[in-house]
Amino acid sequence: MQANRARYVIGNWKMNGSQQHVAAFFDRLSQVELPATEMVVCPPSIYLSQAAQILKPSSQIKLGAQDVSAHPPGAYTGQISASMLIEQGCRYAIVGHSERREYNKETDADVAAKFLAAKLAGLTPILCVGETHAQRLAEQTDKVVVSQLNSILSHHGADVFEGALLAYEPIWAIGTGLTATPEQAQAVHHLLRETIGGYDSSVAARLPILYGGSVKASNAAALFSMPDIDGALVGGASLQAEEFLAICESNK
Ligand code: PEP
C-alpha cells in the first residue's frame with residue numbers, strides 16, 4: 001500500500017536544451033491539464049528565468065537547479081548561489097548528482113555543504129546517492145548509499161531532511177537504458193528510509209524518496225507501484241514534453 005507522501009516527478013535536463021526548446025516545452029505543458037503530482041523541471045540555470053517567465057509563480061510546475069554553490073554570493077567564479085537561484089524563480093536544487101561527483105570531483109563533504117546551503121536559503125535540496133556497477137557486483141550497494149546519506153545524517157541529524165527530497169540513482173542505470181528492477185530499487189529505498197528512521201521515524205515516514213536511472217513512460221508505473229518509491233528523477237526522457245507528461249501521469 002502506498003504511504004500518504006507527496007509524489008514527485010523531477011526532470012533533469014542536464015546540459016541540454018536551447019531557448020527554442022524551453023519555449024516549446026513549457027508552452028506545451030501550459031496547454032494541457034496537468035496530472036496531480038508534484039512536477040519539477042531542472043533546465044540548465046541559464047534558462048531558469050526564461051522558463052519562470054513562461055510558467056508564472058502560480059504554475060503547478062516548479063523549477064529546480066542542477067547544482068548550487070555551497071557559498072553565499074562572493075568571489076566564487078562560475079558558481080551560482082542559492083539566493084540567486086531563488087531570484088530566478090527556482091525552488092529546488094539537485095545536489096550530489098553522480099555526474100557532478102564524477103566530472104567535478106565533488107566529495108560527500110562538498111555535497112553536504114551544498115545541501116545545507118540550499119536548505120538554509122529556502123530551496124528544497126534533492127540529495128542524490130547511488131552506487132557504481134562494480135560496487136553493485138561487489139555487493140557494496142547498501143554500504144555505499146548509507147555512507148553517502150550518513151555524510152549529512154550523522155553530522156546534522158534527520159531534521160535537515162524535513163522538507164527535503166532524496167533520490168536513489170544507481171550510476172549504472174543513468175543514461176544507459178538499464179533500469180533497476182522495481183524490487184532492486186524498492187530494497188534500497190527501504191534501506192534509506194530505515195536509516196533515516198533510526199534517527200527520526202516521522203521524518204523518515206514523510207520523506208519522498210525518488211528513483212532515477214533510465215525512467216521512461218514504459219517502465220515508470222511498475223517502479224511507482226513500490227511502497228517506498230515516491231516518484232522519479234528523470235534525465236533523458238524529461239526532455240520530451242509528451243514523455244515527461246506520461247511519466248507524471250503514472251505517478252498520480
Ligand atoms: C539523471 O540524470 O538523473 C538520470 C536519471 O538520467 P536518465 O534518466 O537519462 O538515466
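Including glycine, each Cβ sits where the backbone N, Cα and C put it.
Those TrEMBL annotations? Automatic predictions, nothing curated.
Features reported for this protein in TrEMBL:
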type	residues	note
ACT_SITE	His97	active site, electrophile
ACT_SITE	Glu169	active site, proton acceptor
BINDING	Asn12, Trp13, Lys14, Gly175, Ser214, Gly235, Gly236	substrate binding site
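Site extent for substrate: the farthest pair of Cα atoms among Asn12, Trp13, Lys14, Gly175, Ser214, Gly235, Gly236 sits 14 Å apart.
Counted over every protein chain shown, other Cβ atoms within 10 Å are most numerous around Gly236 among the binding-site residues Gly175, Gly236.
Classification of Asn12 (substrate binding site) by DSSP places it within a strand. Same-chain residues with CB within 8 A of the center of the Asn12, Trp13, Lys14, Gly175, Ser214, Gly235, Gly236 CB atoms, the substrate site residues themselves not counted, are Asn16, Ile174, Val234, Ala237, Ser238, Leu239.
In the three-state DSSP reading, Glu169 (active site, proton acceptor) counts as coil. For Glu169 (active site, proton acceptor), the recorded positions whose C-alpha atoms fall inside a 10 Å radius of its own C-alpha are His97, out of His97, Gly235, Gly236. Long-range neighbours of Asn12 (substrate binding site) (same chain, six or more residues apart, CB within less than 8 Å of its CB): Cys42, Gln66, Ile94, His97, Gly212, Leu233, Val234, Gly235, Ser238.
Within 10 Å of the C-beta of Ser214 (substrate binding site) there are 19 other C-beta atoms, taking all protein chains into account.
Fewest other C-beta atoms within 10 Å: among the recorded positions Lys14, His97, that description fits Lys14. The C-beta environment of Trp13 (substrate binding site), restricted to residues of the same chain at least 6 apart in sequence and closer than 8 Å, consists of Val41, Cys42, Pro43, Pro44, Gln66, Gly235, Ser238, Leu239. With a 10 A radius on its CB, Gly235 (substrate binding site) counts 22 other CB atoms from all the protein chains.
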